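The structure appears below as structure tokens.
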């Protein structure tokens, strides 16, 4: 009875019961669907589409559609969806997040809602974290969709414009979050409708949703062009800052991730630079460079935050340990790090278009996600994205043992204990996966294991290419694998090893070549006797190894440091105990670890000191684990507050972006061009009358001469009017007279050029000016945001001030757009029609050659003499790179 009451009170348990009723319906249909021939089964797609056309809902056909996908998967892939996978599919269709543990088959789960929603013909996007997974899943799961008559597209780095357009027209499109976001930005820089690649954003399923929507939430996608600033000052400050003394000339706050120069430090820098006052208005650029150089030297650590590879500074993802190619820190920080490391400095950039993942994914009509760890961030998913989290039960009971944390006084003592633990388990043959938080720590541990003669594999950002292969074999007998954080997500660790990987490797050694596509799909190209014999041999070997590994307790996970997010720790633990396998996990910590040092080691340190505990003597108690988790919760809450605060500022910019992009799209497709221009002319006339003949001022004091000069310059060139012609008119009469004259001039211009040419001129001019003004507005808003925090000292709410001033700046930008459009419309000289073929070729090229505080994902910078990324066919310096009279 008590259990019943507990379940009744448990929201998640109630959800599972609701889902089970739908699963029962699907299971009842299984015999009927299984009896169908291939032709009849494949014909169900047309039947479903016909029923939808007649008004039936997706929910109405869900049980049958899911039963069809389950049977198609069984026939094509040899994989039948478990009941819990059906539950996950229902949750995804409902636009929620399904939390499913590692190894529960999330990739297969997605086929159910993807097929169902693709039947509408509006497109479904499946979003993965990297190109490898996008390729693998589109090839692997694509077999099911193609069997059922759906088309499958793939969006990865390096595709040209036509390939992208074709992929987006498919029923199902796989790709990475970066590519989807950049394509959205590029579509909003297009100059012709046929340059658009994306359709309306309908339905997206985000794999590893926590990684993309939370870890990367504040990361802006940026398309940028080169600015004209010199890089000399970065080298200057890279020489100055190392001569400053920590805690004397500057103070570092690791918890807040800030560094502040002291008055002593300011005096030293002024002397070295030979300036009288560093904070004089003329020296603003110097203070900016000093601040970035201090951050680069005091906060950013090589082999933790970034690596230097092939003469480039490459950011390391703090959550996955992967190298983030193409991503750069903004605001000059990346250049400061390049100067610190003595590599070539890339020029600073100017933002052409930008959006955050938070704002991009909120534009989808329906959004869903799946991950192994979402429950800890349930509040954030709900508040920011409106997404509920449903925890799906495992197919088999979870029998993994999570051992209490052990904590040491020093980091050295901790790593000595980790090595002893690895050695003991390795001696028995039990496979061990060790998680570290940085490349530096993984290589230090690797060195200690080498000294002990323990064979092992290292998987970190430096060895990214081998990732899937190393992770797949981490469950072999006696295997020791060191992995930076969560590298290798998306690849299952099979106890005993993966026979297909082993067979392919052996084939390579024998000189055979495996086809890339077949390899991605998990089926090698070599289907001859040699491959089959090898596969059979390795299957027997891995089955025997699996039996022995299970007897030894399965894969053992060792965490060498607690991450500030419990979710990341849970992801590491989740690498073992898949599908009911045995496994165990334990975290080793020290009082010198970042989390313990910054967030709550005082109590534990006090206990250890009072007890006189030696540095090699650990404390192991459930209370310690709870204390660490309490520290993690404090950090998580702080990070959530930061993300929520940032989003409040982003929302201001997002509303402006949506309005500009919506109006830009109407111009692009040629909607109401003439009406828009005539309305702009009327607005410009009204604004001019308000300026030169303001209300409440006596007519004798009106500046009619200035009004006519303004009209000549803007909306009535060559008018031949004098102030006497306007004398005696009221404000309303002035406005009506000037509007009528300017519209007559517009009509004459249209008659001279022809209506079709006039529409094309209007479209191109409006697009160019909107893009140019929007680019400047982005920079201005960025600068406003940088300094707005200081308003708090004047007892003003910075967010309210930002909204108010941002709105004023936006209105000024709109007025400036209207003025420039009207001015250019009356003055443009037509030499020859714009050749769309040329601009289309430029668009294809820009797709083929793809570029905070938070690191920004950038496309490669646009050089001054490169084709402009807007697709105009002009050089960047002659187009979006500067204001241009068309």
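Cβ atoms here come from the backbone N, Cα and C positions, even for glycine.
Note that the structure is a prediction, hence the values are computed from the model and not measured.
According to Swiss-Prot, the feature ATP binding site maps to 85, 103, 104, 105, 106, 107, 492, an assignment based on sequence analysis. Reduced to three states, the DSSP call for residue 492 (ATP binding site) is coil. Around the Cβ of residue 492 (ATP binding site), 17 further Cβ atoms fall within 10 Å across all displayed protein chains.
Look at Swiss-Prot and you will find 841-866 tagged as region 'Disordered'.
Marked as compositional bias 'Basic and acidic residues' by Swiss-Prot: 841-864.
Feature annotation from Swiss-Prot assigns Zn(2+) binding site to 868, 870, 879, 880.
Around residue 106 (ATP binding site), a 10 Å sphere centred on its CB holds 23 further CB atoms from the protein chains shown. Taking the mean position of the Cβ atoms of 85, 103, 104, 105, 106, 107, 492 as the ATP site, the remaining residues of that chain whose Cβ falls within 8 Å of it are 100, 102, 108, 109. Neighbour counts of Cβ atoms within 10 Å were compared for the binding-site residues 85, 107, and the top value is held by 85. The binding-site residues examined here are 103, 105; by Cβ neighbour count within 10 Å, the least packed of them is 105.
Listed in sequence order, the residues of the same chain lying 6 or more apart from residue 104 (ATP binding site) and placing their CB within less than 8 Å of its CB are 84, 85, 88, 372, 392, 394, 395, 578, 579. Under the DSSP three-state reduction, residue 85 (ATP binding site) is assigned to helix.
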